[in-house]
Amino acid sequence: MTVYLPDGKPLELPEGATAKDVARALGEGWERRAVGAIVDGELYDLLKPLPQGAKVRLLTEKDPEFQTLFRHTLAHVLAQAVKEFFREKGYDPESVRLGVGPVIEKGFYYDIEAPEPLSDEDLPAIEAKMREILKRDLPLRRFVLSREEALARYRGKDPYKTELILEIPEGEEISFYQQGDEAYGFTDLCRGPHVPSTGRIPPHFKLTHVAGAYWRGDENRPMLQRVYGVAFRTAEELKEYLWQLEEAKKRDHRRLGRELELFLIDPMVGKGLVLWLPKGNVVREELMAFMREEQVRRGYQLVTTPHIGSLELYKTSGHYPYYAESQFPPISFKERGEEEEYLLKPMNCPHHIRIYAYRKRSYRELPLRLAEFGTVYRYEKAGELLGLTRVRGFTQDDAHIFCTPEEVKGEFLGVLDLVLKVFATLGLKDYRARIGVRDPKSDKYVGDEAKWALAERQIEEAAAEAGLRYTVEEGDAAFYGPKLDFVVKDALGREWQLGTIQVDYNLPERFGLTYVGKDGEEHRPVMLHRAPFGSLERFIGILIEHFAGDFPLWLAPVQAVVVPVSEKQEGYAREVAGRLKEAGLRAEADTRPERMQARIRDAEVQKVPYVLVVGEREKAEGAVSVRRRKKGNLGTMPLAAFLEGALREYRERRLEPVF
């Protein structure tokens, strides 16, 4: 057989040759350094047979793909270590049943059914076993079995592997990887790719935690235990990641939500349903006020729609039954003689469409921009719910723009400007855009070919004019139109998808929307969906972690606390707090019978931006002694001067303090 090297040179090899044979043919240096290969654009290990005529580029430990290889093998090492861990506890290793063990961002995991529950306390012992396996430098071997042989290997022992084998299509290769020997090594059903031996894995890894995971993500199936690990090429990368992990725990919005009394999720109210406490509601209302101001300034018209809608509305839109699994079931009153069925609103767009359609529209009315803070409901699986970032009821800063095909670019530019204003106001400086366009090989898309081409071109032109750093992702468009979204990095460098703008040719067609053009004829409008915040709940969860609960003044639930030095100044403290409130600031006087330093410390713990200490001197001079969080004591100033500066900082929505 013939394969081709990166420079185009042919290399003759025996049938069934692998990348290992390529390395051997290129000399001792390559044979020693090679860890894998890129074969016709696909990642291979050194063990998988090469196809005839393949283009082969060998990889070394310096190549970025090396991380994928060793992380995958570490998942197998983890599974082997767990089996050895339970063998030492007196269990048959076969009693440890294995699900799947893929590579994920930063590391790997394995889903395991163990004879007794694993806990985070078990991880150091399992990790030590993994390091032993690396030191043994066990070579990996790849082999293929027939379907019957593969099933015989697991039948009656491991229902999860049996199920996976049964799902492999007829005629497709069923491959296994073995590290070490059959008696004391480990063999797993796997497509690969892997490193050549366990000794090639860098020792810079750590098992992080154990979590529950339903088999195949189905809450009606058995609950397995998912053991997570992270792995890097260097000790420095691992150290940096572990620091980020600890910092992320400190910033966890669920913990800070409790400590700062922002929100709660009460089991009696329901899983995934958020109760906004007074302080959290301040953050929510401030964000909504900011967005409302910006939208009105940009020509949006605000509407309000109900929390439920007729089932027929969602059948027409296609949201039902196509997305029925992620929706609450229909509400029926047929037993009361009511024929109409209802659905908790999963999307705002059908309601906005009916507002557009209630009368004839002219091209002179376009673009028509309808906006709403609309609450919608999705049935997320219980195991997928997570604080504010994955909930069952959430409010979107939703808007739908109805325009002519020629207006798409201008409207896109307008929405981009709004999204970038949001990012700038909140200090989200590190972002990139992704433009999702059609896959030319797919026929799943609806709408006119010429309109698609125009919209894709307009989106790219708008992104370029806005000065965005963007990539074009072929095949990422929805079936009903191209889109643009943003990937934003927070203070810890984590990436979040925000600010999606979606072109839609489908819904105007399904609802028969029209406008009368300049020619007096009826035409089909284009619809744009946009929500810069996305879900307010998720967005606030991200902001809590980005700011570590230390909000800028305009978002801070309590902006200033006035602390009297002694009982003699309590009246003045209340007077100062009253003045601040009258001016529009959120202020409190802390006159509890605690030591002054304890009250100042409590305000710090609650992340209040300003603490105003008042003693006899301040009372006599109509002044305040100002402490700014993270800056300390700023000295004494007239109350009027503080008020003027604080109001400017608040009203201008500044990120940095005035003082």
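Heads up, residue numbers simply count up from 1 along the chain you see.
Heads up, the Cβ atoms here are built off N, Cα and C, so glycines get one too.
Secondary structure by DSSP for the domain 'TGS' (1-60): 13 helix, 20 strand, 27 coil. The domain 'TGS' feature in Swiss-Prot is assigned to 1-60; the stated evidence is sequence analysis.
Swiss-Prot lists 252-552 with the feature region 'Catalytic'.
Long-range C-beta contacts of H400 (Zn(2+) binding site), restricted to its own chain and to partners at least six residues apart, with a cutoff below 8 Å, comprise N348, C349, H352, I353, Y356, R369, L370, M527, L528, H529, R530. The Zn(2+) binding site feature in Swiss-Prot is assigned to C349, H400, H529.
Take the CB of H529 (Zn(2+) binding site) and look out to 10 A: across all protein chains shown you find 24 other CB atoms.
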